[in-house]
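Participant: Sharing a structure below in structure tokens format, with a few things to ask.
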Amino acid sequence: MKEIKGAILIISGPSGCGKSTLLKEIYKNIPNYYFSISTTTRDIRGEEEDGIDYHFVTIEEFEKNIEAGNFLEYARVHNNYYGTMLEPITKALNDGKLVVFDIDVQGHKILREKLGNLITSVFITTPTLKILEQRLVARDTDTKEIIEKRVESAKSEICEFLDYDYLIINDNIHKATKEILSIASIARAKTKLFDKNSIVKEWLNS
Ligand SMILES: Nc1ncnc2c1ncn2[C@@H]1O[C@H](COP(=O)(O)OP(=O)(O)OP(=O)(O)O)[C@@H](O)[C@H]1O
Ligand SMILES: Nc1nc2c(ncn2[C@@H]2O[C@H](COP(=O)(O)O)[C@@H](O)[C@H]2O)c(=O)[nH]1
């Protein structure tokens, strides 16, 4: 643990709650972060780009990476594989970055077990399930069947919110943005706590 200088911010919540929308605010306002680009077997959606939003791979490629032990964590979500490659995360943490994850509740559980105190986590949701469904329909990026599957998954995902450090009810985008930025600043401050040796050295020498 001693050599890790970075910290981790995990954002989870049901599909359509507003994770990507709020993450954009973090990227505009928080310095020295690294966004974890996940690997997935799902199809490209809307304006997404390979290597920017996700690394889009086949099921065979994904399973090869599982066998090779290349994932820090992975899970099956809405019938597709999603996973985080270990190598870029290790590098970003060693570089003292705030590493930001958009992962599901299973991924959060795994990272909690592996990385404990390095993590600050936030669960985002809408005021009601109905509003979640309305947002997915209004986003207009998924078929009716995919939306139904995601709404169904939301019913079990919501049960996990107590395992997170913070909860944001994204009813108003301005309020939710303020809240996520405050939480990101707190998570950022942890990078300094984990760089304890250099902080103590600086303090003693000043
Ligand atoms: N507070 C809000 N009020 C109204 N609409 C919102 C709000 N926040 C986000 N939205 C809209 O809801 C839709 C879903 O948001 P977004 O794509 O950010 O969700 P997500 O959690 O990232 O979903 P996914 O997990 O499927 O990627 C988008 O069309 C977004 O513009
Ligand atoms: N456990 C993981 N979950 C992940 C990862 N990357 C994304 N996700 C989660 O999957 C769902 C669906 O995402 P979408 O982009 O298809 O809407 C969502 O809950 C994400 O948070 C990952 O690497 N590991």
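Along the chain as shown, residues are numbered 1 onward.
Using N, Cα and C of the backbone, Cβ positions are placed for all residues, glycine too.
Pasting the feature list from TrEMBL:
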- G13, P14, S15, G16, C17, G18, K19, S20: ATP binding site (BINDING)
- 6-185: domain 'Guanylate kinase-like' (DOMAIN)
Participant: Could you pull the average pLDDT for the domain 'Guanylate kinase-like' (6-185)?
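Facilitator: The predicted confidence over the domain 'Guanylate kinase-like' (6-185), as a mean pLDDT, is 95.
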Participant: Using the recorded ATP site (G13, P14, S15, G16, C17, G18, K19, S20) as reference, state which further residues of the same chain have their Cβ within 8 Å of the centre of those residues' Cβ atoms, listed in sequence order.
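Facilitator: Neighbours found: I124, T125, T126, L132, R135, N170.
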Participant: When you tally the Cβ atoms that lie within 10 Å of each candidate's Cβ, which of the binding-site residues (S15, S20) has the highest tally?
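Facilitator: Most Cβ neighbours within 10 Å: S15.
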Participant: Which has the fewest other Cβ atoms within 10 Å: G13, P14, G18, the binding-site residues listed?
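Facilitator: Fewest other Cβ atoms within 10 Å, among the binding-site residues G13, P14, G18, is found for G18.
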Participant: Within the set G13, S15, S20, which binding-site residues show a CB-to-ligand 2 distance under 6 A?
Facilitator: S15
